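> As listed in Swiss-Prot for this protein:
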BINDING   Gly73, Pro74, Glu75, Ser76, Ser77, Gly78, Lys79, Thr80  ATP binding site
Amino acid sequence: MAKKPALSPQEFRSEALATALTTIERKHGQGAVMRLEDSAHVKIPAIPTGSIGLDLALGIGGIPKGRITEIYGPESSGKTTLALHIIAESQKLGGTAAFIDAEHALDVNYARRLGVNTPEMLISQPDFGEQALDIADLLVRSGAVDVVVIDSVAALIPQAELEGEMGETQVGGQARLMSHAMRKLTGTIHKSQTSVIFINQIRMKIGMTGYGSPETTTGGNALKFYASVRLDIRRIQTLKDKEETYGSRCRVKVVKNKVAPPFREALFDILYGTGVSREGELIDMGVEAGIVDKSGAWFAFGSERLGQGRDNVRAFLQEHTDIRDQIEGKLREHLGFAEYVPPPSPEVMEEEDGM
C-alpha cells in the first residue's frame, strides 16, 4: 500500500484552517466567520443626512447603517434638527424611524416642517435611562426599524439616581449604564443594519489645566469608543436680515469616522422653522463645483439668471423647484453621488397634512 505523501507546513495549516472553519459554521451557523472577499457587506449602506456637504464629508453618502453615530455640540447648535433630517431622509427611502425623547422636548410641528412623516414615526418618552435603552434594544432586535435616535445621553438618568433624594450623588452611574448598553447593543445593531444615533451635550472639564480641549461629552467614554461616526456641530454665525435673526450658519466636523477618512468638515445654514437650507447649500457647492456661475453679486445657471445676492437666489430656488432639482442633479453627478430623487413639493406635503 502506497504511503500517503507528507503534507508541507503550508498545506497542513490550510487543512487545519478549513477544519476549524467547518467546525465554527456547524456550531454557530453559516456566516459566523468568512473571508473578507466572500462578505456581502463590504460596501457600507448609508442614510443621507439632508445635507449634501455633510454626506460628502462622511465619505459614504450619509451615516452608516448597522453602526452607532454620535452627534454632539453646544446648546441650540442644531443637533436635534440634524437628527430629524436623517429621520426624514430614511422615511423617504421607505424606512421606519423611532425617536426616543429622553428630554421630553420634541416639537412635533417642527419635525413635520422638516419633512418628517410624524404619523409614521415611532416615539417614546421614557421615565429613566434603563427604560430608554431597553426600548432601543428591543426596537433594534426587531430588525424592522432603520434608524433609532436617542435624545439625549445627558437625559438618560439611572433609575437609582432618579429614586434618590435631590442632591444625592451617584458617582459614575450614567457611565456604567452607557458602558453596559454599548456592549449589549453593538452586535445587534450590526446584524439588524439599524442606524442608532445618540445626541449628546458637552460639559467643561473640572480643573482643566495645560493643553487639550476643556470640553467633554456626557456619559463616560464608552460611547466615544463604540461610535463609528462622531459629529461635532457648532453654530459659527448668526444669519440676520437687517435686525431680524432668521437662522444660523453651522459647521459640522467629522471628528471620528471608521468607514471613511475623518476630520472633514461641512458648512450649511439652518433656517428657523425650516431646518437645513438645501438651496443655500446648492448655491455654495454649485459655485465651488463650477455648476453655478458667480459674477460679482449675480448668480446664473447656464443661460438662466438666478438673481443678485445669495438670499435672493435662495428665495428664487425655493419658488422654482425645477431649476433647483436640475442644479442638485448636476451637483450629485459631479460629486459621484447616487441618482437624485427630488423631495415632494410643498404643495404635496400640505395636502398630506390636511388629510
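One-based numbering along the chain as shown.
Just so you know, glycine gets a Cβ as well, placed from its N, Cα and C.
Quick one: where do these features end up spatially?
For Thr80 (ATP binding site), the Cβ neighbour count at a 10 Å cut-off comes to 23, with all displayed protein chains included.
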> Measuring CB to CB from Glu75 (ATP binding site), give everything in the same chain under 8 Å that is also at least six residues away in sequence.
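Within the chain, Glu75 (ATP binding site) has Cβ neighbours under 8 Å at Gln201.
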> Which of these binding-site residues has the least crowded Cβ, counting other Cβ atoms within 10 Å: Ser76, Ser77?
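So among Ser76, Ser77, the binding-site residues given, the one with the fewest Cβ atoms within 10 Å is Ser76.
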> Name, in the order they occur in the sequence, the residues of the same chain whose CB lies under 8 A from the CB of Gly73 (ATP binding site) and which sit 6 or more residues away.
Lys79, Ile202, Asp232, Ile233, Arg234
